[in-house]
Each structure stands twice: as C-alpha cells, then as structure tokens.
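J.: Pulled from TrEMBL, these are the listed features:
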TRANSMEM  B:41-63  transmembrane segment
TRANSMEM  B:105-125  transmembrane segment
TRANSMEM  B:132-153  transmembrane segment
TRANSMEM  B:165-189  transmembrane segment
DOMAIN    B:166-360  domain 'ABC transmembrane type-1'
TRANSMEM  B:201-225  transmembrane segment
TRANSMEM  B:237-257  transmembrane segment
TRANSMEM  B:336-356  transmembrane segment
Amino acid sequence: MKKMILPVALGAAFAATSLSAATAGTLEDVQERGTLRCAVSTGLAGFSYTDENGKWQGFDVDYCRAVAAAVLGDADAVEFSPTTGKTRFTALASGEVDILSRNTTWTYSRDADLKFTFLGVSYYDGQGFMVKKSLGVTSAKELDGATVCIQTGTTTELNLSDYFTAEGMSYEPLSIETNTEGRANYLADACDVYTTDASGLAASRATFENAADHIILPEIISKEPLGPLVRHGDDQWADIGRWVLNAMKIAEEKGITAANADEMAATSKDPEVKRLLGASGEMGAAIGLNNDFALVAIKAVGNYGESFERHLGTQTKVNLARGLNAVWTEGGLQYAPPFR
Amino acid sequence: MSETNFAFVATSDKPQLPAPKGTTGAIGWVRENLFSSPMNTFLTLLSLFVVYSTVPGLVNWAFVNSVWNANSLDECRALTENGACWGVVRERYHQFLFGFYPSELYWRPILAFALLFVALVPALWDGMPKRGLALMGSMTFPFVAFWLIWGGFGLEPVSSTQLGGLLLTMIIGVSGISFSLPIGIVLALSRSSNLPIVKSLAVIFIEFIRGVPLITLLFVAHVLLNYFLPKGVNFDIVLRVVIMVTLFASAYMAEVIRGGLAALPKGQYEAADALGLGYWQSMRLIILPQALKISIPGIVNTFIGLFKDTTLVLIIGLMDPLGLVAPTLADQRWNGIVVELYAFIAFMFFIFCFAMSRYSMYLERKLHTGHR
C-alpha cells in the first residue's frame, strides 16, 4: 500500500478540511438519501459477486445489507460501489461511499495515517502460498528463488517481501492486478507460487480442474484481520457499523437466526437477547436508531454464522472451515463485547 | 487497284481465343496470388498449416463440443471434455449488454440505441432530402438519449450505479466520439490561429492532455473532483468520466486535424483569400472539407481507440463489459471460467470497431475526388 498512502493522505487532508464544518452526520445523510452507499470488492469469490439477476451477493455484501436494514429498515436500500484495491480508500475518504466493506486488512497505518476507523474483524485471514504438487515443495522455506504471483497495492505484497527478507531468501515478483489474473498466470506456469490470503487461495483452488494437483503450504506468514471501516470524524456512524457487526456475532452466540429472530424477541427470557432485539430497554436510541435495529438486520441477513455458511462455508465451493472465525465459545476468535 | 487482286479479305473480327489455360479462373488466381514466387509459395503453405492446425480445434471448441445449457461450470465440465461453456453467456448476456439496468426498463436503452441510428442517418448520408432540417433533429439526440437512459420527467429514474456493460461503453464511446470531433476541430483551428492568446490556450490544453495518461484523468474524475466540489454537490460519476474521456479524445483529434490542415498546399489558403472569403467562409468552404478528408483515417483511428479505451473505466470500478467479468467470476457457480467471457466481449467489441473501420473506408473511396 505504500504507493497509495501519499495521495490518499493528501485527499484525506482535503476532505478533512472541507468536510469538518459540513459533516452533520453520516447517519442523517444516509437517512435523508434513503440509501446506504457501500463500497465492496469488484469481485472476490464468497465475499462479493453478482448473481444472475445482477444483484450483489456475498459475505462482505451481507454486512452492507445488514447495516442498511438497521439504519433504513430495508436491506435492499444499498447502492453498491464496486471498488478496486486502488480506489477503495479514496472512495471512502472522499465521501463517495458511507462505509467500506471490502476484505480490507486492519493495519496501523490505515487506521492512523489514512484516518479510517475499523469497526471490528469480520474475517480472520492470513497470507499463504499455493504451489503445484509437481514442484515437490512442502514448506514455504524451500521457495528460495521462486517466481511469485503477487497482487499489487495490497498488504500481501509487503508481507511477502518481509517474509523472504527475514528468511534470507530471494524471489522474483510477478505483479498482477486481480485475482483472476493471478490464477490465470499461475495456471499458465508464469509463476511457481501464487500468494494471497488463504481464503482466496482456497477459493481459487476449488475452481481448478485438477484441484488435487495443487497444495497450499502450511506456513501462514501474516495476520490479516479483515473488516469494515468508515472515515474518522463521525463516531456515531462508526458505533452503528461496529454494533451491527457485533450484533450479528452475538446473535450467533445466542442462537438467534433469521428464521427465529421474531420468536426470540417475543419469548426469550435471556436479558441480553431481549436488549439486543429491542424487546427491552432503549439500546438503539443511544446510537440514533430504532431499538429493534439488530432484529431487523438479523432478519435480513441472518447471524454471523449463517452469513458465513451461506457464502464461505464448507457447503459452498469456497469451502472454508470456520477455524479462527468460529465464535469464542467454540474455540475461535470471534468475540463480541457484551450488549448492555 | 481492283478488288479481285486480293485472295482474302476479312470482313469481320476473328473470334478471340480464350486466355491460355492456367492463367485464368481459379487456377490462374491461385497461381498469380498464392504461388507466384518461392517466398509466396512458402508463406501460402505456412498459412495453410496454421489454419489447418488452429481452425478445426477452434470450431470444435466453440461450436461442436460447446455447451449452452448449463447452470454452472461443474455442469459444463460434466457435459463436455474440451468445449466452450457458453452457459455463462446465456445466463449473463443481459448483464453484459445492460449492466444492472432494471430488466423491465430495457426498452429505454434499446430505443435510445435505435434512435442513435436515426440520428446518424443525416450525418452519414449526404444525399438525404432536407438534410439541414434533419441534422437539426439529430442535434437533439443527446438530450433524448440522456432522458431515456437516466429517466426523470415522467420516466422512472435510473441511477448511474445501475449502468454497465455495453450500454456504459456505448454511452461513453458515443458521447466521446460525437463531442470530441467538433471540439477537436475548434482546437485545431485555434492552434493554427494567428491570435496569440487563442493559440497558446489551445497549445497548453492539447499538450497538457497529451502529456497525461488517460488513467490519471479517470482517477481525477473518480476521486479528486469529489474533494474539490463542495459536499452535497454530487456530480454524476458517468458524466465525469464522459467529460474526461471527451477532453482526452479532443486533444488527440485536434492534432489529427491539424495534420490535415498542414497537409494542404499554401495555395489553397491564398486562393481562398484571393476570392475575398472571410476566415470562417474560407474554412467552411475550402480548407476544412479538404483537411477533414485527408484526416479521415486518423479520425477514425482515434474513434476506434477511444471506443476501446472506454474499457479502462474498470480501473475506477465502473462496470463496463470487462469490469463485469470479475463479479461474474466471483460467483461460485462460474468461478474459473475465463476464456468464454473474454471471447464474448471481444466479439461485441469487434462488431462495433469493424463497422467503424468499414464505414471509414467507404467514406474515403467516396470522397476520393482529388487529382492523383
């Protein structure tokens, strides 16, 4: 991301000076407009894609729909902006979109330097390597001198260089722009190794004609906590985004699903469930929403686990196990603060 | 001299003999064109070999073994070993044509597209009756098309985020092409003007635009303009892109036309002056008709380049046909299919670019009135 930091920072500075006076609040803007503008990826298996009717679908897309449901009461009131790795931050900083949900890694410099607020981690990922079995490599430590297909403008580019430097190995990068391009180059033997987030590797491998001829090496060389983000300077809006995500996670912990949410709201004895679904207390009002915002969101897209299984889980072609993304009670890292 | 001295007098022409065998007909043509020298023979055989080794495979892949009725790549692979999987095109072709435009409103862009040809008739066919009046009618086309595509004034509005596919390409391409020509002519005339201010403004504009990559201008359109415009002023993204692409193409167009202007002999300018014509009269009646005729190949070249350059908008996340490939591939049912989509897109582009180049060749032949 190094190249993009200066222009984005400049842009953010412009935005900060010109917007500071004008920004009444993103929430009011969204409500006045009647639609949420959400930036997603231009296409990443499981995370954002279009179906045959031209509707956006996916794990990242579901989050946008949940926020729209919570804020506007209508999960379909979203205007999706497909963004690339290069345009995503400027689109958010310039105010062209209200929220960015595009498998974006939470890093220090993006948080502090680019002036964004990350709303939590929707998916714990890590960078891995895929090679052809015929290469006879079983560990990333044997990759000295390899040609590596690597997506530009991403954290994976920097991780790769860090890892090879730390291991005292050399490599030849082959820069690619999109996942599609990377896969094509890898299959055409233009590079020996394809590296990107492990979820992306699994998704790509699932589509190969002979998936068994390719292995994903055991080394995971980076932490890639992916999550949605908003601009600095509007804490209320950030709280809304953060708690919609948390509500989806709490709903999974408590066993609330899209199907039983109404029933749970009416009959549950669990005080946290009642607070979450707006059956008791004035919780939603504190962030400027209706008290049943979480109920509406969960009814629209389901809880965290439902969304995961629908787009990424083992029943899909992406075929990812929950792993780190299981809720904390089941040995994963997904742990939402209490709703009280 | 009496007539009887002659033994024979031919009273009619002898019938012409046919040309020697092997110099006419199919064999003659083949000999003349394909095997006239050792080099040509070699090239012919080489081409035949290339055709032989590629075409049958291609035809098998694209037509014989291909699969239309499949709802996912896996179904395709189960049905055919090495055929194209056109199922994805069957399922998504409307997206590649219209983007995410609401399907019940497809008639609007289709009508706009049909009207485009109606509007083009007076511009392309100079023998048309009442051409002046018809041209005035054509001038209203951009407004009508804008109204049809975006809606408003009684039609259901459609947002720019729903535009995509070939529709988006056509919007950007057609507006870029139709606005860049007049702007280019004005710029070219300004650049060869005697007025220093006009001239230097034109030079600065042209050199600036030509010195900056189109992608940079698109990024400016996409991102920077948002910072400079006051908040709340939401300048439509497609409109911004159209403006940038038009400015970009105009600069190139200006140089193409300036080439045409420079190629005219000085005598033409002097003759126009000698006839007592004013600047605009001489330009309209004498200089521009000749300069534009010379520039036709260059102009059409710029048009075709512009049309193809519109695919660059995928970099700023607009969903032109190429941009739609990524979200289609990300759908797990089609993940892994590549060639079929690109082949389909290439086919669409080929139709338009080929039509443009054929029209330019026709125009050149028709206008070939010089003394050469």
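Every residue, even glycine, has its Cβ placed from backbone N, Cα and C.
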J.: Sequence-remote contacts (6 or more beyond its ends) of the transmembrane segment (B:165-189), Cβ cut-off under 8 Å?
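T.: Residues 95-99, 101, 109, 113, 116, 142, 149, 202, 205-206, 238, 241-242, 245-247, 249-258, 261, 283, 288, 292, 299, 302-303, 306-307, 310-311, 313, 318-321, 324, 348, 352 contact the transmembrane segment (B:165-189) from elsewhere in the chain.
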J.: Counting only residues 6 or more past its boundaries, what in the same chain has a CB within less than 8 Å of a CB in the transmembrane segment (B:336-356)?
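T.: Sequence-remote neighbours of the transmembrane segment (B:336-356) are 62, 73, 76, 84-86, 88-89, 93, 96, 166, 173, 300, 303-304, 307-308, 321-322, 325, 328-329.
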J.: Against which stretches of its own chain does the transmembrane segment (B:237-257) lie, if we need a Cβ under 8 Å and a gap of at least six residues from its ends?
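T.: Same-chain contacts beyond the flanks: 160, 163, 168, 171-172, 175-177, 179-181, 183-185, 187-188, 191, 202, 205-206, 209-210, 214, 217-218, 220-222, 225, 291-292, 295, 298-299, 301-302, 305-306, 309-310, 313, 316, 318.
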J.: Would you kindly list the residues that approach the transmembrane segment (B:105-125) from elsewhere in its chain, counting only those six or more residues past its ends and only Cβ-Cβ distances under 8 Å?
T.: 94, 98, 131, 134-135, 137-138, 141, 144-145, 148-149, 151, 155-156, 158, 167, 170, 174, 359
